Structures are given as structure tokens and as C-alpha cells.
Amino acid sequence: MTQTPTQASDHIDAMLHENRVIAPADDFRAQARVTREDYERRYRQSLDDPDTFWSGVAGELHWFTPWTQVLDWQPPHAQWFVGGQTNIAFNALDRNVARGLGGKTAIIWEAEDGEVRTYTYAELLREVKRAANALTALGVQAGDRVTLYLPLTPEAAIAMLACARIGAVHSVVFGGFSVSALADRINDAQSKVLITADAGQRRGSLVNLKANADEAATLTPSLEKILVVCRADCDAPMQEGRDVWWHDALNAASDDHDALPVDSEHPLFVLYTSGSTGKPKGVQHTTGGYMIGTYLTTQTVFDLKDDDIYWCTADVGWITGHSYSVYGPLLNGATVLMYEGAPNHPDWGRFWHLIQKHRVTILYTAPTAIRSFMRQGDAIPAAYDLSSLRLLGSVGEPINPEAWMWYWRTIGGERCPVVDTWWQTETGSIMLTTLPGAHASKPGSAGLPMFGVEPAIMTHKGEELGPDDGGLLVIKRPWPSMLRTIYGDDDRYRKTYWGEIDGVYFAGDGARRDADGYVTVIGRVDDVLNVSGHRLGTMEIESALVAHPSVAEAAVVGKPDDVKGESVVAFVLPQSGHTVDPKELRAHVSREIGALARPDAIYVADALPKTRSGKIMRRFLRQIAAGKDIQGDTSTLEDPGVLDRLAATDPV
Ligand code: WT7
């Protein structure tokens, strides 16, 4: 169900009236990889002659067998680099070692407690080869699914690359997700092997991932083996015949391994994300196109140079972590910083300390983090040397102009371009942004299409809208890193993305485009919330709520939040004879989904605003949650009085 993107909050209004334009500094422009002229020429070519354009990019990487056709488009199914055989882990590692980068640092990892480990490209390759052999020894074959439930340690990247190396399909589940979320994802993917750790570090305490894995394993018949990374004290109980320590498996494995050439369309990974129904979707990406998309965008959007120290703060549990903490930068031979831990541990200076200590040059983070830092005041970042930074990026949700300006001024010293990047789990790589040496930025607006991307703003009926008209963001042609299907549910793929408006990819976002072609993304138009840059389906949370014995009915909406972008608000109807205990209900949602889905506010209601046909009018609930006066036609409600009663209720 789609809504019109007009229930915008005040900061969205501010965004739409924002008219500052910030051009890249001359010295940045002079050294940039892509100039304005390059962009214009290459963008044109990418649309007019896509075969030549994409062949040129793909030809920079290694193919065991060349492709015979760049694109085979049987809407809504695309195949890219048809007939080609490659391997993304080979391109990220073996290829870089072969071109002389063996001694270059690939990963600098810092744990929350300050421990630092580094891997050169040669060392990382050796670990990935051993892990590939270890997985093979456990019986994992090409095409098999392997679920990863890991903290943000080098082993997460090693495990992903090892899967890719043998053609196994990884499914990374964020370490903050609950037992049932983990079990659902293992079952949906029918994974044979789970890779987890005895613990992860978060805000000074340890999260027992292995205990969750053990519980999930009782619900997941497909699971045969659990590989366990020792992150804490190697004290986790191990089940004979099922559980194997990662270090034992790797120590027993040879460091000799040839990457398996796989078809360009061989599945690389599945990553679950929320949609407008209760069940998360397994977004399926394949090898060749995803590789080319992440390779090209990392290089051009981040203006990547040999001596950059590149830091994307995203966890590998999200697409940003897949594309821009692991695959994109490693394909480019970059040095990547990885930090496992909270941004405010031991204090709010941690990010700035990391930048100073490791001389980070490129920082890619989320608006919610930027707004949290902003709240702590300028004195904190001012106490650190941030002069190594030369480029800043933002991703995950709309960035309000105020936060954009703060990031640019206080973190970037008005010296570093800020790239606001719009994309999705489904798009695989960045779709809209400004290229830092080519384009001026307009705070609050993501910007222009990346190479090969043809966006438009349309009505529900598929009519294209002109400059400044608000509508639905669509993409008019396939691109290499697009999702190929929803794992096990191609029908849902067709309907969700290509069935909403005929012939175009429907992103689920409301947006407008100005006369210069800059696209401002306003937010989701479906029942998906964006809380701190993470996608949550309202129906998922509602199902979790009604699964609690005290709840008869539930409706979940988002409320604009200064830090998180949106926060979760729940309206619940108690089951007769029960009282709702808000503390218990929040804990229940955490157990069912994960802490990030926990409602900030809960309204205990005696009824929900429904139409005569029984449909809940969330529009009104959003207004109540935001503390606004009720606007709109309430005459279709079965009992209009319910709104006054709800508005007079204090949330708990
Ligand atoms: C949704 C996708 C893609 C990486 C992380 C999120 C929102 C993402 C922006 C941006 C405005 C943005 C959209 C999109 N979004 N980036 N720069 N400006 N909105 O991936 O979890 O798949 O969520 O995040 O609403 O549809 P995701």
C-alpha cells in the first residue's frame, strides 16, 4: 500500500526550501578522479551505448571466461555479462596481490577495547584461502547457503570472501538481531552452515552470540554445522559433531586454494530486509553485476586514491557493510578501517579518535550518527586532529540540511566535499549522489544519477513529473548491481519492484527532482520505517506485538525523531483480562526482532481508528504520535471519537 509523500515532517519542509549550493574546493577538484566533463561524457555514454560503457568497466577486472553479451533483459529479469565467468574474491584479493599490492594494508581493525589487528592483502588472501578450504571440508559446496551471525571483526569479511571464493551464497544476519529473526533467516535460506562467534563487544559488555545461535539451531533443521570464532574466552559450550572452532578449522586447512570460476549470474549473497509485509525479503544479488557496480561506485564516488585510509562505519549486517566496508573498497585495493563497537564508547570522541589515530582520509557514515555527534557539541571533535580527512559521505536516510552543514563544517573543516548517497539493499550500489570533484552539493539533496542509472519521478499511474513536483522515485532501466529476485519468491520480486508501476523499478521512496536534475529523497511511501538508517517493517513489529499474550491488536507508525530520523510508536489494544506492561512488551519486541525495533512510545488504546471495512487509518495514528492536530477526512471512520480518546492518552 502506498501513501503520498506529503506527510512530511518539518525538517523535510526545511529540506525542500533549502537552497544553499556548495561547490567542491579548487584543490579537491584539481586532483579528482572524475571531473564534471568526465561525468557528463561517461554518463551520456552509459545511457546511449551501455554495452561499450559497461564492457570498459568490467574489463578492468579479471574474468576467467569473457562474457558474450553485456545485458540480457527479459523484464523484470536481467542478466549481466552473460556467459562470463569470474570470482569476486579473486578480484578483491588474488588480483590485487598479483598487481603488486600484496604488502599493502587491506584491513586495519580496531575493537571496542582498543585492540588493533591489521592484514595486508597477502595476509588476507591467505586467511580467505584457509577459510575456503575449511568450509569445503565442512561440506559446503557452490550454491549452498551459509549464514553469518558475527560481530564486526575481520573474520566477518574473511568469511564472506571465503564463501564467494567457493561459490557459496552468504546470508549475513546482523549481530543485533534476535534468536527468532536469526532462525527465520536460516530457515528461509535453508542454510547448512552457520558462522558465529562466542561473543561480540558492545558498549563495554559482551553479547553472547553463540547462546543465540544455539537457541536458533533448535529451530533450524537445515543447519548441519556451526563454526565459532573465538572472540572472547573460547569458553562457549560446543556441541560434539556440530560445532567447530573457527581457529581449529582454519589451522587444519591448507593455505593453497584456487578460487572457483563462477558464472556472472551465480548468486553471491542473500541479504534480508524489511518490506511492507510481515516477512523480511531475502534480496538476492549475483556475482558479476554486483562486482562491477560496487567497484565502480567506490572508486568514483569516494574519489579513491592509492594512499587513502577509507572508513565506512556500517556493520556487515547491512548492505552498506557488504558493498562499502568489504567488496567495493577491497576490489579497488584500498586500505579499509573496520571498527567493532559503539560510537560513544568510551565516550563520544571515539570516532574522532579513530580518525586521528589511523589518519582516516574518507569517512562514510549515517545521518543518525551525525545528528548524535552534533548533539554532543563541537568541543568534542575540536579536541582531535581531523586534518587527514578529505572526503565525507552520508547514507541510509535523508540528511537534514542542518546536519549536513554541521558535518561539512565541524568534521570536514569546510575542506572536504560531502557526498550524500541514495541507494538501497536492492540496488546493491550507490544510485544517486554527487561526484565529489565534479558536482556542487545541495545540502539535503542526494543529487544526480550514477553512471547507467536513469531515474524519474512518477505518479502512481506512471506519468512522469516535471521539475519540483513530488512523486514516486523510479528507475527506468536495469543496472548491473540490481537485485535479481527475492530468494524463493520471484512473484514477490515482480510485484514489489516491477508491478507497482508498469515497466519501471519502483523504489518505495517519495522524491522530487529540481531543474538541475538533483533528486531529493523524502522518505518511504510504504509501510516501512527508517529508524537510525535501518529499515523496519511496521507489520513485522505489529506481528511481534500481537504475539504477546497481553496484546489483542496493534498498529505501528513512525514518528519524526531528531536523532534517529524516525522512531517506533505502537498503539496496542489489550487482550481482555490482561494489562499491558510496557517494559515487558518492549523486551518482548527485542526478543522477537532485535533491540532496534523496540517501540519508543506505546499507546494503550481501547480501540484503533478503523474504516467501516476494518482498515486501520495509520495516517491519523501518525498525526497523534507526532502530537499534531488531526487533519484529513475522518468521516470514513467507524468511530471518529476514537481519535480524541487516543489524542488524550499519554504514551507509556
Ligand atoms: C532506504 C533503503 C543503502 C544503504 C543503507 C540503507 C533510505 C538510503 C538515503 C539517502 C534519503 C535514503 C531510502 C531507501 N535512504 N539512503 N541518501 N537519502 N534516503 O539501505 O536498508 O535498504 O534502506 O533507505 O528510504 O529506500 P536500506
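Going from the start of the chain as shown, residues are counted 1 onward.
A Cβ is built for glycine as well, from the same backbone N, Cα and C atoms used for every other residue.
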Check TrEMBL: it lists GLY396, GLU397, PRO398, ASP420, THR421, TRP422, TRP423, GLN424, THR425, ASP509, ARG524 as binding ATP. Then name which of ARG409, ARG535 it lists for that same site. ARG535
Near ligand 1, which of the binding-site residues ARG202, GLY396, SER532 have CB less than 6 Å from any of its atoms? GLY396
Setting VAL546, HIS548, VAL551 aside, what same-chain residues sit with their Cβ within 8 Å of the center of the Cβ atoms that define the Mg(2+) site, listed in sequence order? ALA544, LEU545, ALA547, PRO549, SER550, ALA552, ALA554, VAL572, GLN575, LEU585, HIS588
Among ARG202, ARG203, GLY204, SER205, THR320, ASN344, SER532, which the record lists as binding CoA, the farthest-apart pair of C-alpha atoms sits at a distance in angstrom of 25
Going by DSSP, is VAL551 (Mg(2+) binding site) part of a helix, a strand, or coil? strand
For the domain 'Acetyl-coenzyme A synthetase N-terminal' (39-92), how many residues does DSSP put in helix, in strand and in coil? 24 helix, 15 strand, 15 coil
Fill in the CA-CA distance, SER532 (CoA binding site) to GLY396 (ATP binding site), as an integer in Å. 8
So of all those binding-site residues, ARG202, SER205, VAL551, which one's Cα sits nearest to TRP423 (ATP binding site)? ARG202
Looking only at the domain 'Acetyl-coenzyme A synthetase N-terminal' (39-92), mean pLDDT returns 98
